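Undergrad: Could you have a look at this structure, given as structure tokens, before my questions?
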Amino acid sequence: MAKTYNAGVKEYRETYWMPEYEPKDSDFLACFKVVPQPGVPREEIAAAVAAESSTGTWTTVWTDLLTDLDYYKGRAYRIEDVPGDDSAFYAFIAYPIDLFEEGSIVSVMTSLVGNVFGFKALRSIRLEDIRFPLAYVMTCGGPPHGIQVERDKMDKYGRPMLGCTIKPKLGLSAKNYGRAVYECLRGGLDFTKDDENVTSQPFMRWRDRFLFCQDAIEKAQDETGERTGHYLNATAGTPEEMYERAEFAKEIGSPIVMHDFLTGGLTANTGLANYCRKNGLLLHIHRAMHGVIDRNPLHGIHFRVLSKVLRLSGGDHLHSGTVVGKLEGDRGSDLGWIDIMRDSFIAEDRSRGIMFDQDFGEMPGVIPVASGGIHVWHMPALVAIFGDDSVLQFGGGTIGHPWGNAVGAAVNLVALEACVQARNEGQEIEKNGKEILTNDGKHSPELKIAMETWKEIKFEFDTVDKLDLSHK
């Protein structure tokens with residue numbers, strides 16, 4: 001006897017609200033912060049999110065009879081209050097692993113943050129966290145090389161690495177750009193960097209920039225004996241152009257290239273990560289456009305999710321905020337996504353906004369890059385917050401030194417070494433940072449003038465995207 005079905009519309013919660021469900025190790029788990037339209041029950045909205053991000057649609061369809069809907073559907077299994085906000089709640093949803101293409105972060109994000117984010121029954125929705133099951137993690141390529149391989153490749157141990165974004169970011173000729181790179185590397189930096197919007201403009205075509213930067217690297221290395229690099233931005237208008245730039249960087253001997261992973265796209269990023277893995281190039285990732293996606297505390301995608309996504313898609317470095325600089329960043333949240341980038345296993349920790357355990361297995365970690373409005377006075381806090389496996393990247397805080405780029409670079413290295421030594425001696429470097437730098441400044445007029453130049457520069461604005469009250 002043929003099966004029949006009841007045509008029409010029924011409430012989502014009849015099918016997708018399952019508070020008795022116990023998530024499996026193989027499930028994807030997602031936590032959404034949801035603000036429903038007035039009068040819509042929480043259970044109905046949570047179920048609607050589960051449906052619209054998995055198997056459901058607005059009406060019953062006869063083709064449901066052709067599959068095992070109970071197996072493939074997403075399940076809203078828990079609801080929690082958001083303390084301090086009566087209008088919002090957390091919806092926890094489990095998805096079977098078979099809903100997603102292996103190794104495709106694009107597949108995951110298309111489902112979880114696709115049409116459901118435009119659903120009329122929602123005033124706003126934000127993806128706060130995802131638990132990627134280990135079985136899925138193992139299908140992803142991840143970072144091309146990882147932290148230890150980079151340490152060995154660059155021969156840098158026992159301290160954070162130092163970088164600098166060349167300024168002004170736009171307008172320099174390739175020759176003058178290369179000159180700035182040389183001065184910074186000669187002064188003691190480990191890396192210099194293209195800014196996110198440096199690609200191939202009329203005033204500086206990419207091939208010219210690559211050549212002048214590589215000349216600067218080789219000249220500085222000959223003088224100092226130190227291995228250094230410049231993040232050559234391979235981001236381009238098409239994947240074909242991106243690969244051409246990466247290939248040229250490899251041919252001229254560059255150790256590292258760069259990609260804007262959000263504006264460039266996840267497909268392009270994963271492809272470039274695979275290329276870098278096969279060809280021995282490190283991959284630096286800029287997060288341009290993240291503020292559009294993650295800064296609104298009620299709508300979008302939290303940066304901790306973007307950090308997981310990038311680690312799985314592939315990158316050896318990722319800009320991660322600074323806490324102390326000019327860019328948005330809550331300390332607890334920052335510490336949470338720094339752990340997500342580097343550690344093999346991250347336990348649920350609501351004090352850092354981490355909603356699920358996350359196991360990355362043997363996947364290498366990503367080096368967090370502190371960049372944006374930082375200068376020498378921030379060095380003690382940066383070393384304390386980020387630790388050794390990081391890049392501390394001073395753009396204006398290097399090139400803005402009154403005595404020039406090379407001196408600015410040398411000053412940052414002096415300050416870094418002073419802070420690392422003090423930390424290794426057991427000092428509380430955040431608490432004693434001013435004293436540590438002032439004492440070193442007595443023996444370094446270059447450091448002293450830098451401290452004088454930036455002593456009044458602070459970025460003390462309230463954080464827009466704070467951890468929810470219950471997490472503190």
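Backbone N, Cα and C define each Cβ position, glycine as well.
Feature list, courtesy of Swiss-Prot:
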- Lys167: active site, proton acceptor (ACT_SITE)
- His286: active site, proton acceptor (ACT_SITE)
- Asn115, Thr165, Lys169, Arg287, His319, Ser371: substrate binding site (BINDING)
- Lys193, Asp195, Glu196: Mg(2+) binding site (BINDING)
- Lys193: N6-carboxylysine (MOD_RES)
- Lys326: site 'Transition state stabilizer' (SITE)
Undergrad: Fill in the CA-CA distance, Asn115 (substrate binding site) to His286 (active site, proton acceptor), as an integer in Å.
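TA: Taking the Cα atoms only, Asn115 (substrate binding site) lies 26 Å from His286 (active site, proton acceptor).
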Undergrad: Using Cβ atoms only, which residues of the same chain lie under 8 Å from Arg287 (substrate binding site) while being at least 6 residues apart in sequence?
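TA: Residues satisfying the criterion: Asp260, Phe261, Leu262, Phe303, Leu306, Leu310, Leu318, His319.
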Undergrad: Among the recorded positions Thr165, Lys167, Lys169, report those whose Cα falls within 10 Å of that of His286 (active site, proton acceptor); none is a fine answer.
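TA: Correct set: empty; none qualify.
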Undergrad: Among the binding-site residues Asn115, Thr165, Ser371, whose Cβ has the fewest other Cβ atoms within 10 Å?
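TA: Result for the binding-site residues Asn115, Thr165, Ser371: minimum number of other Cβ atoms within 10 Å at Asn115.
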Undergrad: Quick one: of Lys169, His286, His319, which of the recorded positions has the smallest count of other CB atoms within 10 A?
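TA: Lys169, out of the recorded positions Lys169, His286, His319, has the fewest neighbouring Cβ atoms within 10 Å.
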Undergrad: List the residues in the vicinity of the Mg(2+) site, defined as same-chain residues other than Lys193, Asp195, Glu196 with C-beta within 8 angstroms of the site's C-beta centre.
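TA: Other same-chain residues with Cβ inside the cutoff are Thr165, Ile166, Lys169, Asp194, Asn197, Val198, Tyr231, Asn233, Met258, His286.
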Undergrad: Roughly how many angstrom lie between the C-alpha atoms of Lys193 (Mg(2+) binding site) and Ser371 (substrate binding site)?
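TA: Ser371 (substrate binding site) has its Cα 11 Å from the Cα of Lys193 (Mg(2+) binding site).
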Undergrad: Is Asn115 (substrate binding site) helix, strand or coil when read with DSSP?
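TA: Where Asn115 (substrate binding site) sits, the three-state DSSP reduction gives helix.
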Undergrad: Which of the three DSSP-derived classes (helix, strand, coil) applies to Arg287 (substrate binding site)?
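TA: In the DSSP reduction, Arg287 (substrate binding site) maps to coil.
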Undergrad: By a simple count, how many Cβ atoms lie within 10 Å of the Cβ of Lys167 (active site, proton acceptor), its own Cβ left out?
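TA: I get 16 for this one.
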Undergrad: On the Cα atoms of Asn115, Thr165, Lys169, Arg287, His319, Ser371, which are listed as binding substrate, what is the maximum pairwise distance in Å?
TA: 37
Undergrad: Just to confirm: which same-chain residues, 6+ apart in sequence, have a Cβ under 8 Å from the Cβ of Glu196 (Mg(2+) binding site)?
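TA: Set apart from Glu196 (Mg(2+) binding site) by at least 6 residues yet with Cβ under 8 Å, we have Asn233, Thr235, Asp260, Thr263, His286, Ala288.
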Undergrad: Taking only the Cα atoms, work out how far Asp195 (Mg(2+) binding site) lies from Lys169 (substrate binding site), in Å, as a whole number.
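TA: Rounded to the nearest whole number, the Cα-Cα distance is 6 Å.
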